[in-house]
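According to Swiss-Prot, the active site annotation covers His515, Glu517, on the basis of sequence analysis. The feature UTP binding site is assigned by Swiss-Prot to Ser14, Lys187, Thr188, Lys189, Pro190, Thr191, Gln192, Lys223, with sequence analysis given as support. Here Swiss-Prot flags Asp72, Glu140 as Mg(2+) binding site, drawing on sequence analysis. Marked as region 'Amidoligase domain' by Swiss-Prot on the basis of sequence analysis: 1-266.
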Amino acid sequence: MTTNYIFVTGGVVSSLGKGIAAASLAAILEARGLNVSMMKLDPYINVDPGTMSPIQHGEVFVTEDGAETDLDLGHYERFIRTKMSRRNNFTTGRIYSDVLRKERRGDYLGATVQVIPHITNAIKERILEGGEGHDVVLVEIGGTVGDIESLPFLEAIRQLAVDVGREHTMFMHLTLVPYMAAAGEVKTKPTQHSVKELLSIGIQPDVLICRSDRAIPANERAKIALFCNVPEKAVISLKDVDSIYKIPGLLKSQGLDEFICKRFNLACPAADLSEWEQVIFEEANPAGEVTIGMVGKYVELPDAYKSVIEALKHGGLKNRVSVNIKLIDSQNVETKGTEILKDLDAILVPGGFGYRGIEGKIATARYARENNIPYLGICLGMQVALMEFARNVAGMEDANSTEFMPDCKYPVVALITEWRDEEGNVEMRSEDSDLGGTMRLGGQQCNLVDGTLARQLYGAPSIVERHRHRYEVNNMLLKPIEAAGLRVSGRSADHSLVEIIELPNHPWFVASQFHPEFTSTPRDGHPLFSGFVKAAAEYQKRQVK
């Protein structure tokens, strides 16, 4: 089977939505019965985004096999059924690291190592490796055409089109077509110049996705086609929409999938978008609204919690309610008190690292527990719930995590010192170990306890969820906490690690060490988020009474 590649680039400005557009196209092709995958190539020099600031880069999306990747891979998994892996995302830093390691080993036999051919060859090898076994692979190139950082990637895909054959490759370019209010018309010149930039490095786009705040008139599309040397039917108008889940239908209505299938000579049935139509209907017709407060450390950039925000919306879809998400800085809880948590139907505390704002999160968990407000804790959100309960219910006044207070009297959360790496080898780590790539990562089995809320929500005795953390519940101090009323409702397969906890005497209080948001999708939702939003709606009804 020959894999077909669609290379997706962006021009004029950044943040055009290449990832969403590419994922939407992938969803249509998948709906035609094709085996589709996606890749993201990031031009930054970091080896991966694992140690990058969430406020700068946004969230780190964790794949099933434990790769720390760009948040666009989250979009990919929410739009198509194919699960991403470490093969689906790589950076300039990763490529250079691999090439330099080979150079030190002598793999290049004394040759002068250069961007061309060594770096470009390494990029091509990874693209081909990631594309194995699929009918179509969409490869998104990060950054904007014209950026110096992107040049090796653009050169690599230019070469790959020759290597694989133009009959199996396609270049799709996203551009901005701005509307000038003073002139009362859209302007195509930025698109023309962006295509000219692509042509200067040897790439002729086959499809142009033209982003605008309105539909682009037919005469302007014809003008773009003429000056950019593409068929008029391959100039796609992609206007702003109120829901990203409308984009697959918008692209399909303009025949983009049909154009691609003919280009690749793929015989497949018409796309069935009924699942997406159902998602759009549920989103547009809520029976109510709930307000959920998310108390975090990186709230100035909502993309730092992208998957959590999307998972809450998915929970709303499954309960036919609109979810109003109120982002609250945990430091404000410390300075202003829990008054700012009033008028919420539920509270979620997501993951995070470092001491800043931690006492605000602990106060938030206490407020939810004492006021019977539905609470969902994720990763650090579970740890603060445990610390709060230990301090205020189990009588461990100094309870803390060794991440924040190494010498505390009751280290109820502590560093795991014995780990297994990707190959299964035992490795010892400490607080001084490298930060990058040294966490418990990826899908891990969790066995749920019968009779618990977690078991009821999942409807299965065993689950697999994704992790990203270094610290775990300290089993040595767990007995008095359980005796005080906290219940461990799920443990790792070897029973050594606490994965999920709950409070049986609370209407809905669940916290997990894993990240359930990474496996939530608009079509399927996720048991924890669906149950959490349902609990928020029930809490709201009780308050009205």
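Just so it is clear, glycine is given a Cβ too, placed from its N, Cα and C backbone atoms.
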(message) Rank aside, I only need the closest one: which of the binding-site residues Asp72, Glu140, Thr188, Pro190, Lys223 has its C-alpha nearest to that of Glu517 (active site)?
(response) Asp72
(message) As a test of the contact definition, list every same-chain residue at least 6 positions from Glu140 (Mg(2+) binding site) whose Cβ is closer than 8 Å to its Cβ.
(response) Val8, Lys18, Gly19, Ala22, Met38, Met39, Lys40, Leu41, Asp72
(request) Count the other Cβ atoms sitting within 10 Å of the Cβ of Glu517 (active site), across every protein chain shown. (result) 29
(request) Measuring Cα to Cα, tell me the gap between Pro190 (UTP binding site) and His515 (active site) in whole angstrom. (result) 41
(request) Looking only at C-alpha atoms, tell me how far Lys223 (UTP binding site) is from His515 (active site), rounded to the nearest Å. (result) 48
(request) Give the distance between the Cα atoms of Gln192 (UTP binding site) and His515 (active site), rounded to the nearest whole Å. (result) 43
(message) Using DSSP and collapsing to three states, where does Glu140 (Mg(2+) binding site) fall: helix, strand or coil?
(response) strand
(request) Rank the binding-site residues Asp72, Pro190, Thr191 by the number of other Cβ atoms within 10 Å of each Cβ, and give the residue at the low end. (result) Pro190
(message) Whole-number answer please: how many Å between the C-alpha atoms of Lys189 (UTP binding site) and His515 (active site)?
(response) 45
(request) Among the recorded positions listed here (Lys187, Lys189, Lys223, His515), identify the one with the smallest other-Cβ count within 10 Å. (result) Lys189
(message) Pairwise over Ser14, Lys187, Thr188, Lys189, Pro190, Thr191, Gln192, Lys223, annotated as binding UTP, what's the top Cα to Cα distance to the nearest Å?
(response) 24
(message) Can you give me the Cα-Cα distance between Ser14 (UTP binding site) and His515 (active site) in Å, rounded to a whole number?
(response) 29
(request) Take the C-alpha atoms of Thr188 (UTP binding site) and His515 (active site) and report the distance between them in angstrom, rounded. (result) 43
(request) Could you round the CA separation between Thr191 (UTP binding site) and His515 (active site) to a whole angstrom and send it over? (result) 40
(request) Would you mind giving the whole-number mean pLDDT across the region 'Amidoligase domain' (1-266)? (result) 95
(request) Specify the count of other C-beta atoms within 10 Å of the C-beta of Ser14 (UTP binding site). (result) 12
